[in-house]
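**Q** Pasting a structure below so you can have a look.
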Amino acid sequence: MRLRFYYIPFMRLRTYAVAVSAILVAIALISMGTRGLNFGIDFTGGALVQLEFQQPPVIEEIRSHLSAVGLGDSTIQHFGSDREILVRAPIISDESAAAMELISLIRETLSAQYGDQMDVLRIETVGPRVGGELREQGTYAILYALLAIVAYIWWRYELNFGVAAVIALVHDVVITLGIFSLAGVTFSLPVLAAILTVIGYSLNDTIVVFDRIRENLYIPEGKEKPSIISIINTSITETLSRTILTSGTTLIVVAVLYFFGGEVINGFAFTLLVGIIVGTYSSIFVASLLLVYWRPRYIEPHLKKLQEKPEEVV
């Protein structure tokens with residue numbers, strides 16, 4: 001299904017797109033610089049205890065009980081139903097004995113107050129050294145993914161297309177992380193996996209648009225040569241129905257996961273929900289927009305080469 005009979009001047013909105021992207025990126029960077037990300041114990045190290053009470057507990061009471069035994073810096077929040085509580089406490093030492101002592105202290109302190117009205121549902125521990133290594137490896141995973149993308153698009157198209165795609169992907173990741181920072185959503189290993197998924201999904205949209213742009217750059221001899229902006233607008237319009245269908249159906253599934261999948265998968269679904277929306281926007285208004293601004297130096301020579309060697313268009 002293609003939109004054959006309509007021409008939508010997307011690049012007419014490029015000034016507004018630049019302003020919107022600049023504002024969103026600035027807000028994201030400021031938020032990450034001031035508030036930071038709410039890293040889970042996967043990256044910071046610590047003990048996690050999930051508790052279920054017979055009656056909805058008061059978080060301030062639980063915090064008061066834990067503060068009395070030196071655990072005042074613990075994070076306490078509802079998880080799932082209003083009868084379930086998640087307690088996260090930092091671990092200073094990498095020794096397994098220290099983790100077990102911390103968990104025992106949490107259980108004994110709360111059991112003394114609530115007795116058989118409380119059940120322990122889940123216990124997790126990650127040492128601070130392991131958490132730091134996971135955070136470092138996660139950062140490298142994103143960087144390696146971006147470098148691999150540049151290499152692939154450089155080989156498949158040209159370097160300027162690869163650079164434009166990576167800038168758009170960095171734009172997507174920064175805005176997604178900024179929304180995470182503003183919302184205070186816990187950043188865990190499943191969320192990191194979702195970030196990498198968003199990078200791949202956004203790149204897929206961008207490649208579809210770039211491929212159509214490259215096809216439309218070739219103008220048979222004797223035909224009037226359209227402007228670069230016109231070529232890009234036409235290319236985006238021709239791929240728009242595909243973008244709407246794929247992004248729309250994926251968003252429906254992700255929205256169902258977010259609203260009905262439960263707390264365990266909530267962060268993963270939230271990342272995909274935000275990332276797909278931002279990625280769809282960037283494939284239209286960011287990656288293609290960079291080609292418009294680079295046209296005198298990069299695109300015009302490419303167009304000239306295609307006129308001389310049309311067989312290079314595959």
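Keep in mind that glycine also has a Cβ here, set from the backbone N, Cα and C atoms.
Source: prediction; values computed, not measured.
Grabbed the feature section from Swiss-Prot, which reads as follows:
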{"type": "TRANSMEM", "residues": "17-37", "note": "transmembrane segment"}
{"type": "TRANSMEM", "residues": "137-157", "note": "transmembrane segment"}
{"type": "TRANSMEM", "residues": "158-178", "note": "transmembrane segment"}
{"type": "TRANSMEM", "residues": "188-210", "note": "transmembrane segment"}
{"type": "TRANSMEM", "residues": "250-270", "note": "transmembrane segment"}
{"type": "TRANSMEM", "residues": "272-292", "note": "transmembrane segment"}
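Where in this structure would I find these features, and how exposed are they?
**A** Proximity of distant same-chain residues to the transmembrane segment (17-37), defined by a Cβ-Cβ separation under 8 Å and at least 6 residues beyond the stretch ends, is recorded for 171, 174-175, 177-182, 184, 187, 282, 285-286, 289.
With a cut-off of 8 Å between Cβ atoms, the residues of this chain six or more beyond the transmembrane segment (188-210) that come close are 40, 42-43, 134, 138, 141-142, 145-146, 149, 153, 156-157, 161, 164-165, 168-169, 172-173, 176-177, 180, 235-236, 239, 242-243, 246-247, 250, 265, 267-269, 271-272, 275-276, 278-280, 282-284, 287-288.
Beyond its flanks by at least six residues, the transmembrane segment (272-292) meets 10-11, 13-14, 17-18, 20-21, 160-161, 163-165, 167-169, 171-172, 175-176, 179-180, 194-195, 197-198, 201-202, 205-206, 208-210, 213, 228-229, 232, 235-236, 243, 247, 250-251, 254-255, 257-258, 298-299 of its own chain at Cβ-Cβ distances under 8 Å.
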**Q** Six or more residues out from either end of the transmembrane segment (137-157), which same-chain residues have a Cβ under 8 Å from its Cβ atoms?
**A** 43, 163, 165-166, 169-170, 173, 189, 192, 195-196, 199-200, 203, 207, 210, 214
